[in-house]
Amino acid sequence: MTSGRVNPQFRLEDQGIEGLGNVYYNFMEPALIEAALKRGEGTLGNGGAFLVTTGKFTGRSPKDKHVVKTASVADSIWWDNNAAMTPEGFDALYDDMLAHMKGKDYFVQDLVGGADPAYSINVRMVTELAWHNLFIRHLLRRPAREDLNEFVADFTVINCPSFQADPAKHGCRSETVIAMNFDRKLILIGGTEYAGENKKSVFTLLNYMLPEKGVMPMHCSANHAVGNPVDTAVFFGLSGTGKTTLSADPARVLIGDDEHGWSDRGTFNFEGGCYAKTINLNPEAEPEIYATTTKFATVIENMVFDEETKELDFDDDSLTANMRCAYPLEYISNASVSALGGHPKNIIMLTCDAFGVLPPIARLTPAQAMYHFLSGFTSKVAGTERGVTEPQPTFSTCFGAPFMPRRPEVYGNLLRDKIARHGATCWLVNTGWTGGAYGVGSRMPIKATRALLTAALNGSLNNAEFRKDGNFGFDVPVSVPGVAEVLLDPRRTWDDQGAFDKQAAKLVQMFADNFEQYVPYIDEDVKAVAIG
C-alpha cells in the first residue's frame with residue numbers, strides 16, 4: 001500500500017525498488033511524528049519536540065564512507081581521502097539491501113538540495129525510520145506541495161539502519177556503510193541510526209558536482225546584515241567550532257548554519273534547516289537555538305531527559321557530547337526566507353585550538369587565507385565522530401575533509417579566484433582554548449568571540465592597531481573595545497610563558513609537516529606565507 005503525495009510516474013517501483021510493505025510518500029510533520037510514535041522510535045517532548053536516541057552510533061563514521069570507482073570518476077576523486085568500492089561490490093550491496101527491505105514499511109521524502117534553482121538538485125530520501133524522514137525534511141529544502149506531483153529525483157539516498165553490510169562480500173570496512181555511486185545516482189547508508197549521515201551524504205554529493213559549474217561548495221555557516229544581503233559573511237569550520245552558534249546572531253540575518261555554495265551570483269544555502277549541538281546550550285548566550293528545543297517537530301537527538309517531565313538536561317553528556325537538535329530554518333526568527341546572500345564581504349575561518357596557542361582573532365592576507373583553508377587546522381570535538389572522547393588536534397583540509405570527494409586544490413583554487421574577484425576580507429577565529437592547553441586552560445569566552453566578530457563584520461576592526469604574530473605571521477589586533485587586552489595575546493594568558501613557547505613551536509612544526517603535501521600544487525605567494 002502507498003499513501004501520500006507523489007509523482008505517479010516516479011514511485012519507488014518505477015526506480016526498480018519493489019516488494020516493500022507500506023510506502024509513505026512526503027508525509028508532513030504531524031503524520032511523521034504520529035508514525036514514529038506508533039513505531040516506538042522515540043518520545044514526544046515538551047512543545048511537541050521529538051526525542052530520540054541513536055544507539056551505539058552517536059556521531060559520523062567517516063571511515064565507513066565509500067565512493068564507487070568507475071571510469072567516469074576515477075580521475076576526479078581524491079582517493080587518498082575517499083575509500084574506493086568496486087561497482088560489483090556496490091551492486092551486491094544494493095541487491096542485498098533491497099532484499100533486506102522486502103516487506104518492510106518505508107518513508108520517502110522528495111526534497112531539494114540548494115536554494116539557488118540554477119544549481120539545485122532533486123533528492124529522493126528513502127528511510128526505514130519515520131524520524132529520519134522528519135529529520136531530512138527539516139534539513140533539506142521542501143518543494144511546494146503541488147510541485148511534488150511532477151517531482152523526479154536527480155539522486156536517491158536509501159537509509160536502512162537495520163541492514164548490516166558484509167565487508168568480505170561488499171568490499172567495505174565494517175558492517176556500517178555509506179556508499180556513493182555517481183554513475184547510478186544512488187547513495188546507500190546502512191548499519192547506523194545517526195541522522196547526520198543523511199545530510200552529509202547530500203553535502204558530499206554537492207561537493208562533487210558543483211565545482212564543475214564554477215561553484216565553490218563550503219562547509220560553512222553564513223549570514224548577512226539586516227536589509228543588506230550584499231554584506232554577507234561566511235564562517236568555515238569543522239563540527240563543534242561554532243558555525244551554528246556564531247552565525248545565529250540576532251543583529252544579522254541567518255542564511256544557513258552548515259553548508260553553502262558560492263557562485264557567480266552570490267552565496268546560497270544548500271539546506272532548509274539547522275543541526276545544532278546542544279551540549280551546555282545556554283538560553284542567555286544562544287536564545288534562538290535554545291528556543292527551538294521546545295518547538296513542534298524539532299528532533300532532539302541523544303539528549304538525556306526527565307522521564308516524567310520530559311525536561312531536557314543540557315549538561316548530561318552520558319549518551320554523547322554530540323547531542324543535537326534539528327529544526328527547520330524558519331524556527332530562527334531572523335532567518336532568510338530565500339536563503340540567498342551576496343558575495344562574502346568577510347570570510348571567517350573558525351578553529352578550535354586545543355593547544356591554547358592561537359589568538360582569538362587574526363586578519364589574513366588572501367595568500368594566508370588559502371594556506372589556512374588548505375591546512376584546515378582545528379580539533380575534533382568530543383562526540384562528533386565515532387571514538388572521539390576529548391579534543392584531538394587535527395588538520396582537516398577545506399575545514400571539511402570527510403565531505404570533500406575532490407582534491408583539496410580544486411576547492412582551494414576556487415576560493416582563491418573568488419576572493420581575488422570579490423575582495424573579501426579574511427579572518428582566523430579561535431574558539432578553542434586560552435590560558436593553557438585543553439585540560440589546563442579554559443574555552444574562549446563566547447562573549448569575547450562575539451564582540452570580535454561584531455567588530456570584524458561592521459568594519460571597525462580594520463581600524464584597530466595590529467601586531468605581527470611572531471609564530472604564524474598574521475596580524476593580530478592589539479586592543480578591541482569590550483575585549484580584555486590580555487586575551488588578544490595568547491602568550492600573556494599562560495602562567496608559564498616558557499611552556500607557551502614550547503607549545504607554539506610544536507604547533508608551528510605540525511603546520512609545516514602537514515602542509516608539505518600541498519606544496520607541489522600551490523602558487524608562490526602561498527608558499528611564501530607557509531608557516532615553519
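The chain as shown is numbered from 1 upward.
The backbone N, Cα and C atoms fix where each Cβ goes, glycine too.
Copied over from Swiss-Prot:
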type	residues	note
BINDING	R60, Y194, K200, R324	substrate binding site
BINDING	K200, H219, D258	Mn(2+) binding site
BINDING	K200, H219, G237, L238, S239, G240, T241, G242, K243, T244, T245, E286, R324, T449	ATP binding site
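Taking the C-alpha atom of Y194 (substrate binding site) as reference, the shortest distance to any of the binding-site residues H219, G237, S239, T241, D258 belongs to S239. Neighbours of H219 (Mn(2+) binding site), defined as other CB atoms within 10 A of its CB across all chains, total 26. The two recorded residues, K243 (ATP binding site) and K200 (substrate binding site), have Cα atoms 16 Å apart. What surrounds the Mn(2+) site, by Cβ distance within 8 Å of the Cβ centroid and not counting K200, H219, D258, is the set K199, F203, S239, E259, G400, F403 from the same chain. Using a 10 Å Cβ-Cβ cutoff, T241 (ATP binding site) registers 25 neighbours.
You'll find the Cα of S239 (ATP binding site) roughly 9 Å from the Cα of D258 (Mn(2+) binding site).
Listed binding-site residues: R60, R324. The one with the lowest count of other Cβ atoms within 10 Å of its Cβ is R60. A sphere of 10 angstroms centred on the C-beta of Y194 (substrate binding site) encloses 25 other C-beta atoms. The record assigns R60, Y194, K200, R324 to the substrate binding site, and the maximum Cα to Cα distance across that set is 15 Å.
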